[in-house]
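*Asks:* First the structure, then my questions, so here it is.
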Amino acid sequence: MLIAIAIMALGAVVLGAALGFASVKFKVDGDPLVDKIEAILPQTQCGQCGYPGCKPYAEAIAKGEADINLCPPGGAEGVGKLADLLGREAKPLDGVEKPPQVALIDENTCIGCTLCIQACPVDAIVGAAKQMHTIVESLCTGCELCLPPCPVECITMEPIQETVDTWKWKYPVVELKRVA
Amino acid sequence: MGLMQLFKFKGGVKPATNKAQSVTLPIAKAPLPSVVAVPLHQSIGGTPRPLVQVGDKVLKGQMIGEADGWISAAVHAPTSGTVREVGMYAAAHPSGLLTDCVVIEPDGEDRWIERQSVDYKTLTPEQVRELLRDMGVVGLGGAVFPSHAKTQASRSVPMEELVINGAECEPYITCDDLLMRERAAEVVKGIAIFRDLLQPKKVLIGIEDNKPEAAAAMAQAVQAAGEDFQVVSVPTLYPAGGAKQLIRVLTGKEVPANKRSTDMGVQCFNVATAYTAWRALGHGEPVISRLVTLTGNVAEPRNYEVLIGTPMDELLAIAGPKADTDGIIMGGPMMGFLVPEAKAPVVKATNCLIAHSPALFPPKAPEMPCIRCGSCAQVCPHELQPFEMYWFARAKNFGKTQEYNIFDCIECGCCSFVCPSRIPLVQYFRFAKSEIWARERDKKAADGAKTRFEFKQLRDEREKQEKAEKLAKAAAAQAAKKAAEAAAAAAAEGGAPAEAAAAPAAQSPEEAAAAAKKAAIAAAMERAKAQRAQAQPQNTDDLAPAQQQEVADIEARRARLRDIAKTELAHPEAHPAEAAPAAPADDGQTPKN
Ligand code: SF4
Ligand code: SF4
Ligand code: SF4
Ligand code: SF4
Ligand code: SF4
């Protein structure tokens with residue numbers, strides 16, 4: 001187990017360096033419009049827009065090949081921002097907006113087949129072959145791509161609960177009970 | 001006392017102080033509550049790790065949550081008893097949500113752990129800081145920032161002033177006043193701890209001039225202790241007790257929002273924080289209780305020494321809330337909030353509970369449009385333009401609110417207090433701030449996801465390439481073996497598969513990948529050649545004449561084949577993938593990135 005972790009850590013370091021290099025290399029010929037569009041997309045990488053990730057969808061929008069209302073995780077707010085950026089009319093979302101969610105593995109049922117790891121686009125799942133797998137909640141984008149490959153169907157999606165730290169003050173439309 | 005030159009901060013208001021009600025009686029000890037619920041996260045920074053489990057017996061003062069980092073502070077059992085729950089419990093928070101708590105059922109004995117006083121002067125500053133953290137000493141003025149993390153002077157700026165905050169400017173609240181009146185000697189000992197850690201040139205204790213008894217008690221205690229701290233009366237003007245305002249009044253220094261006060265050679269602690277620091281080091285008592293003012297719509301307003309974790313409704317009952325009480329305000333009327341869940345526990349930040357009634361806090365008439373009178377800007381102690389921030393917060397144009405420095409706003413409520421249109425300005429600012437924070441969280445998460453996604457794509461790409469190279473090597477080796485072993489028939493068939501496999505490899509769309517592949521292929525061919533060259537002499541040793549004839553035939557055919565290959569290489573369009581065996585057939589759909 002320790003060796004496995006060490007190998008994974010080493011791999012992460014080496015590949016991380018490669019990634020750093022690649023990101024520097026790829027930055028050079030980035031299209032500024034694509035970058036701006038991509039910055040609005042939520043990076044869930046779920047493919048619901050019909051493209052294999054947020055960047056391809058951003059490229060398609062930039063080329064005028066795709067409409068701006070195809071990203072359900074971005075929701076109506078995302079469509080509005082894209083419309084603002086591109087000077088187009090906002091339109092209703094083509095798809096269903098869901099509340100933010102994360103995947104949860106039933107660790108007693110998991111058989112450690114690693115299929116979900118391969119499916120997860122953002123490396124949010126940790127585990128080694130034949131060992132129980134776990135989803136790192138803070139890294140999971142809720143894309144649902146790990147659900148279909150799991151042979152024992154032990155992954156479920158759970159809505160993200162509001163906590164004291166993520167709670168937001170509400171817009172003061174209706175006067176709540178006031179203190180002062 | 002009083003001879004010092006004082007400075008002024010901009011703005012400020014003078015709301016009715018309503019302090020007289022709760023100072024007539026001395027501090028009393030609140031009775032042991034039926035249950036204590038101690039939230040693990042009670043300070044700015046990390047959330048302490050729970051150290052106990054359901055069923056554990058704990059003693060008063062026993063650490064039940066351990067600091068999980070430097071900016072974090074331990075929490076302790078406020079009384080002896082049995083742990084009933086380690087989990088979610090009502091939070092002392094405007095959201096009314098739950099938070100991680102250790103719920104203890106008191107056994108009634110209130111039995112302490114073994115307490116040890118330490119002579120902190122024999123410890124290194126580092127050890128003292130660690131001790132303060134493990135004793136759970138945090139800012140009790142309301143900000144609950146871990147105190148130990150504020151006791152390090154800047155490396156480049158000498159510490160000039162240590163400001164001790166006894167201003168207590170918020171209406172209704174009198175717990176610091178009573179603390180200074182009754183326990184001044186121990187407050188002074190606590191101030192000495194901070195002084196020894198920070199080594200400032202001066203120590204200035206600021207007390208609003210509506211608390212002469214407290215100021216006198218403090219001055220006397222300072223003298224009795226032989227210290228050279230200065231007790232300074234500051235004009236009563238809300239929010240003089242804001243750290244930045246008090247620093248301004250006493251030193252003339254403006255601490256910009258993006259700077260630490262130590263970068264300006266000044267640091268500020270509340271008097272109650274100093275008191276708990278002394279109890280922690282001098283008596284071995286962690287922060288398990290604090291003074292809380294019970295006031296407002298109650299029969300007997302008074303200050304109580306209250307165990308952290310005491311349910312607020314149970315506590316307020318001691319002061320005898322009147323029949324028309326319809327809520328509890330935690331904190332003062334300017335900056336406090338209505339507690340959504342009455343059983344929420346008292347925490348280290350709870351300095352005051354006000355029984356709310358419609359008579360005491362009449363509901364305001366509805367909000368009217370902003371008339372741009374500018375009153376809000378005149379009273380803002382941070383020289384902000386509340387009406388502009390309000391305008392943009394209302395329109396949810398958060399970028400603009402930030403341009404107007406919304407994060408400098410301390411939510412003191414001066415602007416709402418004076419607004420003739422009764423606009424709940426602070427509510428709009430809180431709304432805007434929490435939206436901006438949420439967006440920043442989302443943005444950070446999205447950036448992380450993007451980086452990991454690109455990383456994964458790169459890794460998949462590499463793996464695919466490595467696989468391709470491996471396959472290429474294997475295929476080349478296979479071909480070489482065949483060529484070496486095969487006799488006449490092999491020669492006839494040798495060219496065919498090569499051409500058959502050539503077609504799919506031609507589809508690879510990625511130039512870089514193709515180049516890499518070509519290099520790999522070339523390398524593989526080189527190796528195969530070398531192998532062949534090596535293999536030949538071995539094969540031709542000790543051969544019978546007939547075999548030698550065969551070999552000669554093979555060589556001749558090979559020479560012919562090589563000639564054919566050469567002509568084909570000269571016209572690559574005709575057979576684009578000359579290195580057929582090296583290109584695996586499944587590599588046609590390298591994802592375009
Ligand atoms: S639907 Fe939205 S989040 Fe999902 S991949 Fe497409 S752009 Fe990204
Ligand atoms: S864990 Fe599942 S839902 Fe979460 S990001 Fe990975 S594939 Fe998507
Ligand atoms: S796909 Fe399912 S069974 Fe396989 S490792 Fe993932 S969670 Fe476990
Ligand atoms: S005090 Fe009220 S009405 Fe006057 S400018 Fe400010 S927000 Fe507008
Ligand atoms: S609440 Fe904010 S904007 Fe209003 S007066 Fe106080 S600091 Fe200024």
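Keep in mind that glycine also has a Cβ here, set from the backbone N, Cα and C atoms.
Automatic prediction, not curation, is the source of TrEMBL annotations.
The following feature annotations were taken from TrEMBL:
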BINDING   A:C46, A:C49, A:C54, A:C71  [4Fe-4S] cluster 1 binding site
BINDING   A:C110, A:C113, A:C116, A:C150  [4Fe-4S] cluster 2 binding site
BINDING   A:C120, A:C140, A:C143, A:C146  [4Fe-4S] cluster 3 binding site
DOMAIN    A:29-88  domain '4Fe-4S'
DOMAIN    A:101-130  domain '4Fe-4S ferredoxin-type'
DOMAIN    A:131-160  domain '4Fe-4S ferredoxin-type'
REGION    A:1-23  region 'Hydrophobic'
*Asks:* Taking the Cβ of A:C143 ([4Fe-4S] cluster 3 binding site) as centre, how many other Cβ atoms lie within 10 Å?
*Replies:* 26
*Asks:* Given the binding-site residues A:C46, A:C49, A:C54, A:C140, A:C143, A:C146, which lie close to A:C113 ([4Fe-4S] cluster 2 binding site), meaning Cα to Cα within 10 A?
*Replies:* none
*Asks:* Cα within 10 Å of A:C116 ([4Fe-4S] cluster 2 binding site): which of the binding-site residues A:C54, A:C71, A:C140, A:C146 qualify?
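*Replies:* The binding-site residues close to A:C116 ([4Fe-4S] cluster 2 binding site) (Cα within 10 Å), listed in sequence order, are A:C146.
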*Asks:* So if I draw a 10 Å sphere around the Cβ of A:C71 ([4Fe-4S] cluster 1 binding site), how many other Cβ atoms end up inside it?
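*Replies:* Here the count is 28.
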*Asks:* Binding-site residues A:C49, A:C54, A:C71, A:C110, A:C140, A:C146: which sit with Cβ under 8 Å of a chain B Cβ?
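*Replies:* So the ones by chain B are A:C54.
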*Asks:* Any of the binding-site residues A:C110, A:C113, A:C116, A:C143, A:C146, A:C150 with a C-beta atom under 6 A from ligand 3? Give them in order, or none.
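*Replies:* Checking each Cβ against ligand 3, the ones under 6 Å are A:C110, A:C113, A:C116, A:C150.
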*Asks:* I need the nearest neighbour of A:C71 ([4Fe-4S] cluster 1 binding site) among the binding-site residues A:C120, A:C143, A:C146, A:C150, using C-alpha distances.
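*Replies:* Going through A:C120, A:C143, A:C146, A:C150 one by one, the closest to A:C71 ([4Fe-4S] cluster 1 binding site) is A:C143.
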*Asks:* How many Å lie between the Cα of A:C54 ([4Fe-4S] cluster 1 binding site) and the Cα of A:C143 ([4Fe-4S] cluster 3 binding site)?
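*Replies:* A:C54 ([4Fe-4S] cluster 1 binding site) and A:C143 ([4Fe-4S] cluster 3 binding site) have their Cα atoms 12 Å apart.
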*Asks:* Per-residue pLDDT averaged over the domain '4Fe-4S ferredoxin-type' (A:101-130) comes to what?
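*Replies:* PLDDT averaged over the stretch: 91.
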*Asks:* Mind telling me which of the binding-site residues A:C49, A:C54, A:C116, A:C146 has the densest Cβ neighbourhood, counting other Cβ atoms within 10 Å?
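*Replies:* Max Cβ neighbours within 10 Å, all protein chains included: A:C54.
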*Asks:* For A:C46 ([4Fe-4S] cluster 1 binding site), list the number of other Cβ atoms lying within 10 Å of its Cβ atom.
*Replies:* 18
*Asks:* How long is the line from the C-alpha of A:C46 ([4Fe-4S] cluster 1 binding site) to the C-alpha of A:C110 ([4Fe-4S] cluster 2 binding site), rounded to the nearest angstrom?
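*Replies:* A:C46 ([4Fe-4S] cluster 1 binding site) and A:C110 ([4Fe-4S] cluster 2 binding site) have their Cα atoms 23 Å apart.
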*Asks:* What residue among the binding-site residues A:C110, A:C113, A:C120, A:C140, A:C150 has the most other CB atoms lying within 10 A of its CB?
*Replies:* A:C120
*Asks:* List the binding-site residues A:C46, A:C49, A:C54, A:C120, A:C146, A:C150 whose Cβ sits under 6 Å from any atom of ligand 1, in sequence order.
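*Replies:* List returned for ligand 1: A:C46, A:C49, A:C54.
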